[in-house]
Amino acid sequence: MLFIVALSFAYFSKVLSGTYMKSAITQIERRFDLSSSLIGLIDGSFEMGNLLFLAVVSHFGAKLHRPRLIAVGCFLMAVGSFLTGLPHFFMGRYTFDTRISCTYLSYLIEELYCAPVCLCMIPSVDCVRDSSSHMWIYVFLGNALRGIGETPVTPLGISYIDDFAKAENSAFYIACLQTITLLGPMFGFLLGSLCASLYVDIGYVDLETVTITPKDARWVGAWWLGFLVSSVIMLLSGIPFWFLPRSLPKQGEENKLPPSSPTHDGTENNNATSHQAMTLAEIAKGFIPSLKKLLSTPAYFLLLCGSLLKFNSFIGLLTFKAKYMEQQFGQSAARANFLIGVLNLPVVAVGIFLGGLLMKRYKLGVVSGAQLSFVTSFMAYLLLLLQFGTKCDNVQVAGLTVSYNGTPGVVYNGNLWSECNRDCSCLAGEWDPVCSDNGITYTSPCLAGCSSSTGYGKNTVFHNCSCVLSSSAPEGSMSVILGQCPRSRECSRSFTSYMAVSVLSSFINSLGTTPGYMVIIRCIKPELKSLALGIQTLVMRTLGGIPAPVYFGALIDSTCLRWGIKKCGGRGAFHCVCVGSRQCVRASMCVCIL
């Protein structure tokens, strides 16, 4: 029982770190200025590190001290998680393009000097700061090291339980283990929600000077903080395993053969002697024959293929679920992670527990367990198809999805100029969105044709916007406020339907998790259990965990209408160009006061 408690804590810590990585995907993507396909590759580095050692650890670990191997794995995961969050302390402060400080400074100079001044708001030092974006490599390496450390936990832990527990109790113990483990993802996403709501440089900058909100596409939360927290938790989880024995008596057979029995003593001594004499080379000789024997088992091979397909879709969905909720339904990263943590994951925990309880209550065998796993997976798949009907219309962005007069159907071709802003000295590559009363978002105050502003910081309001006049009634407001326009009420109702279907699908799918796991264990010989679980995890992560985030990310990238431009993208420094007009003066990159 002590081993189950310790293993539950280890599962909790490793899964908390893994799900926090998923929740921090969008924050890391923005902080390091990466594409979704590249961030998917970084996320897949966990599987890369895992597969390098999984098969070897599964085979050799079953013949060595399994609890201590798990302790070493927990220590490596702690180091990897710490390394993942470490780049934050060497990257400098996060900067983002905004015209707010620019407009306020131009206002002060105009009031004080009443003289023509041209100001360029981007210093050349930003190019030096951009070079730190290569530090995403440390995130990649830290995640890979965490994958290496995870290799002994699952196969050695499950086989240890199944070796020393009664056959009828093994499924129940594993179900309890997985149920407790699911507290890890729940707390992982809640931790991700908390960190996403905190500004990335919290404690280093005055938050009053931050002019964006968590719903802004440029917002970056304190992604590094969660990795440091999970590192401490994983370090603590490995301590109990150092004090656990190498083996235990089979449950229910503790007193069957007393220690004083001569036959027992002789058998035990012979086994111990032969085991000590067994070298690593001799163990390695049996690896290939064991692998051939395992893969030649038809039931195991079919279950392996089914698990691969299921895991492929699951890992891609989980990696970008929060990002999808942000982009499709206008949710902030903090809210998306919070909803996943409090709605999806608790029902998954209940479903896994009920699945194990069904196995124990009705004593389901291999065939019945496989049938239950198949039916629940198929029903969950049908429910997921309903999510294609729960979506929101594209955000109305002038020049991207609608024309400047509000006509829908615009296809972005790289040209954001219109008659209403042709006299403005704007930069088409900037993204500093503002919202008008007519529900149209403009990519910047300058491209909205604004000529004046009031307020400061987050409370800045831009007035006399010529492009807003061209798309609204004459008596409407010609002012815009900071940020994208909020989604419609219809979109909110669609999001509610989406979450309801997602929760129901997660519950039904989780009912077959424990039966499917036990079918794999029971359809093979006992001495191959550790290797079977290790090979299953190896195949799923190699063919599912690594490519799935990459091609899911590439599909998301293909839907992007407009990409940001890096400050040091080979275009050289920005220069001030005064156009001899006050039009857009307080919204342009270079402020001209004439």
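Keep in mind that glycine also has a Cβ here, set from the backbone N, Cα and C atoms.
Annotated signal peptide per TrEMBL: 1-17, in sequence order. Taken from TrEMBL, the feature domain 'Major facilitator superfamily (MFS) profile' applies to 3-594. Annotation comment: TrEMBL describes 41-62, 69-90, 172-200, 221-243, 299-318, 338-358, 364-386 as transmembrane segment. Residues or ranges marked as domain 'Kazal-like' in TrEMBL: 414-469.
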Which sequence positions outside the transmembrane segment (338-358), separated from its termini by at least 6 residues, show Cβ-Cβ distances below 8 Å to it? 23, 171-172, 174-176, 178-179, 182-183, 185-190, 192-193, 321-322, 325, 331, 364, 372, 376, 499, 502-503, 506-515
Please indicate, using numbers and ranges, the residues of the same chain that are 6 or more beyond the transmembrane segment (221-243) and have a C-beta under 8 Å from a C-beta there. 2, 5-6, 9-10, 12-14, 16-17, 20, 23-24, 27-28, 31, 67-68, 70-75, 77-79, 81-82, 84-89, 142, 188, 191-192, 195-200, 202, 214, 333-334
Helix, strand, coil residue numbers for the domain 'Kazal-like' (414-469) per DSSP? 10 helix, 11 strand, 35 coil
Of the listed stretches (69-90, 172-200, 364-386), which one yields the highest count of Cβ-Cβ distances below 8 Å with the transmembrane segment (299-318)? 364-386
Along the domain 'Kazal-like' (414-469), what average pLDDT does this model show? 79
Do any residues of this chain, six or more beyond the ends of the transmembrane segment (364-386), have a C-beta under 8 angstroms from a C-beta of it, and if so which? 299, 303, 306, 310, 355, 358, 501, 504-506, 508-513, 515-516, 518-519, 522-523
